[in-house]
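Colleague: Take this structure first; my questions come after.
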Amino acid sequence: MSLITSLLALRRDARLLKIPPYLSALCVLVGIGWLLVLPLQEYSRGTYVSENALLPGQVHTYFTGSEHNIFRAYRHEVAELVHQPLEGRNQRLAEILRSSGLKVATQNYEYSASGRTISGQNVYGILQGPRADATEAIVLIAAWRNMDGEINHSGVALVLTLARYFKRWSLWSKDIIFLIAGDSTAGPQAWVDAYHDSHSPASIEPLSIKSGALQGAVAIDYPAGPWGHRFDKLHIVYDGINGQLPNLDLFNTAVSIASGQMGIGCTLQRMWKHDDSYQARLQTMLRGMISQGLGHASGPHSSFIPYHVDAITLQTVGDGWHDEMSLGRTVESLFRSLNNLLEHLHQSFFFYLLMQANRFVSIGTYLPSAMLIAVNFTITSIALWVQSGRAPNPPSPVSTNTKPSEAPKMIAIDRDGMVALIPEQYLTIIERKLFLPLAFVGSAHFLGLLPLYIFNNTSESSLTLTFHATTFLTLLLPQLTASALSLSPYRPSAQETILIQCLSLLLLGMFLSALATLNFSLAFLVGILATPLTFVRPTSSRPIAGLQTLLLVAVNPLVVITLATSYWAGGDVSQLRTVLVAAAEGWHVWGLWTQVVVWLVWWPAWFAESVVVAGSLFGKVVEAKSVKA
């Protein structure tokens with residue numbers, strides 16, 4: 001009777017170890033469900049301005065009348081400069097700013113990425129506020145070319161006009177910097193790096209004149225040609241580099257002024273028609289998550305946000321009845337609000353997801369979804385750790401048909417006058433051999449440095465070929481590694497195979513949990529794509545091993561990148577080269593670290609799990625019944 005009781009207790013413990021896979025699956029489902037309910041009215045909030053000093057839309061704007069004629073003249077002059085050489089064009093822009101009474105300077109910059117040289121010149125002028133002491137400044141930006149590669153005719157002309165217009169007012173308590181960048185990405189990045197003395201003097205020229213601490217920045221994207229074009233809405237772009245966001249008060253102030261004071265509709269995330277339905281809110285939120293997850297620069301403003309300078313881009317879209325005067329008054333009112341600030345924007349949110357221009361969710365509401373995804377890896381790693389310390393082949397209860405030679409060796413335990421027989425195998429201390437698992441997982445993460453370096457330093461002409469060759473190699477590498485290990489004298493045991501999975505998933509869960517607090521979108525997307533790694537196991541069944549191998553091929557980071565690019569480009573595989581070039585440019589220019597997450601967090605976990613599944617070639621395979629999904 002004592003033997004049966006002890007075996008039943010041991011079986012009960014074994015049944016408990018069957019729970020983790022179901023608990024991990026529950027975490028994933030709840031995490032996804034949590035995200036899907038956020039667009040509902042009950043789980044999101046209306047936007048509001050937290051900083052009372054901003055007073056958006058409370059001032060009367062005067063940008064009208066004769067300023068319209070000046071703007072038209074500047075727009076035609078900008079059109080004449082399009083075909084001028086770079087030096088001549090910027091010299092003329094500097095003369096215009098200098099004629100408005102500003103201190104003017106230029107800055108040359110040059111970057112190298114993917115065998116290409118990205119060079120240009122920035123022109124900027126500083127308006128010293130009559131009531132300022134040169135300790136704070138606001139930046140108004142117009143890139144010569146916008147993110148679509150179009151000449152920003154009206155945007156540059158509007159900045160020149162506003163520079164002349166703002167100079168006439170004595171109410172400014174902050175300096176205003178007018179920046180005409182050479183392009184929308186490298187130019188602003190070179191300028192803001194040099195402004196904060198964090199640039200490389202070998203490629204970026206230092207700034208000859210500066211002002212105080214930057215309190216905010218607004219970029220204008222208005223590519224209407226010399227004859228103008230009326231627009232319908234303002235598309236407010238707010239995504240920063242590496243998923244960083246400006247203070248929500250700046251976004252709310254722009255929306256309040258444009259829609260409330262000027263009657264201009266506002267949209268975001270390229271949702272031109274937003275009917276405020278659940279589907280539209282969800283689509284807007286997911287677009288924002290993808291943009292933040294990629295971490296790329298979405299406009300000239302993006303380079304300022306890593307320096308804790310709140311910035312947005314105002315982009316005109318559609319055909320309507322609003323003209324450059326409406327946009328000019330919007331910028332004037334927005335700068336008047338920023339001029340009222342007594343301290344840096346800090347009261348509102350820096351982590352949020354926008355559903356539309358007037359609705360959002362804060363980090364406290366959406367963060368649990370990414371954390372639940374990350375926790376599922378940790379739960380499985382704990383279960384694997386426990387399993388690695390248990391007997392690999394639990395003995396069966398002794399029956400009348402059991403041969404004496406097959407019966408497990410029993411040990412009598414006497415406690416409180418009661419005797420129980422326990423299989424000796426359960427009382428044996430199993431030492432975990434960690435050297436090989438630690439070495440393997442560490443080597444997998446170190447191996448990720450190679451493609452990280454290769455893709456960031458390969459020339460543009462060879463990038464696509466290198467990518468396809470790396471994809472083929474990464475798909476073949478787990479099988480080659482498994483085969484090599486099976487033939488080596490250091491062939492992993494069943495316990496070491498379990499520990500490789502355990503340590504790999506533990507690191508993945510730890511990295512994603514930390515990343516979720518910095519870039520929620522990237523952590524969530526990587527977590528969802530890596531979820532199958534939780535449930536794959538080595539097995540002696542060929543069909544199951546084949547299905548698991550196909551699943552792992554589908555979630556290979558390079559395969560995911562290829563499929564995603566093909567989907568977003570409408571099947572145009574040539575866009576893969578554009579994506580790779582942009583990633584390399586982001587690494588060298590913006591300091592993009594999305595590649596670090598892909599190659600040093602996601603790919604090593606995929607590689608370790610793929611080798612474990614291919615571990616059926618090792619010879620002796622552990623079935624892992626106690627944690628089998």
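Cβ atoms are placed via backbone N, Cα and C, with glycine included.
Found this in TrEMBL, in case it helps:
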type     : residues : note
TRANSMEM : 21-40    : transmembrane segment
TRANSMEM : 366-386  : transmembrane segment
TRANSMEM : 434-455  : transmembrane segment
TRANSMEM : 522-538  : transmembrane segment
TRANSMEM : 550-570  : transmembrane segment
TRANSMEM : 590-618  : transmembrane segment
Colleague: The transmembrane segment (522-538) and the transmembrane segment (366-386): do they have three or more Cβ pairs under 8 Å, with pairs 6 or more apart in sequence?
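Modeller: Counting Cβ pairs under 8 Å (6 or more apart in sequence), the transmembrane segment (366-386) reaches the transmembrane segment (522-538), since there are 3 or more.
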Colleague: Sequence-remote contacts (6 or more beyond its ends) of the transmembrane segment (434-455), Cβ cut-off under 8 Å?
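Modeller: Here the qualifying positions are 463, 466-467, 470, 474, 490, 492, 496, 499-500, 502-504, 507, 580, 583-584, 595-596, 599-600, 603-604, 607-608, 611.
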Colleague: Counting only residues 6+ away from its ends, which parts of the chain sit with a Cβ under 8 Å from the transmembrane segment (590-618)?
Modeller: 185, 189, 241-242, 293-297, 302-303, 306, 440-441, 444-445, 447-449, 451-452, 455-456, 474, 477-479, 481-483, 485-486, 491-492, 497, 500-501, 504-505, 507-508, 511-512, 515, 522, 526, 529-530, 533, 536-540, 545, 548-549, 552, 555-557, 583
Colleague: Same chain only, please: residues at least 6 beyond the ends of the transmembrane segment (550-570) with a C-beta under 8 Å from a C-beta of the stretch. Say none if there are none.
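Modeller: Here the qualifying positions are 467, 470-471, 474-475, 478, 529-530, 532-533, 536, 576, 579, 598-599, 602-603, 606, 609-610, 613.
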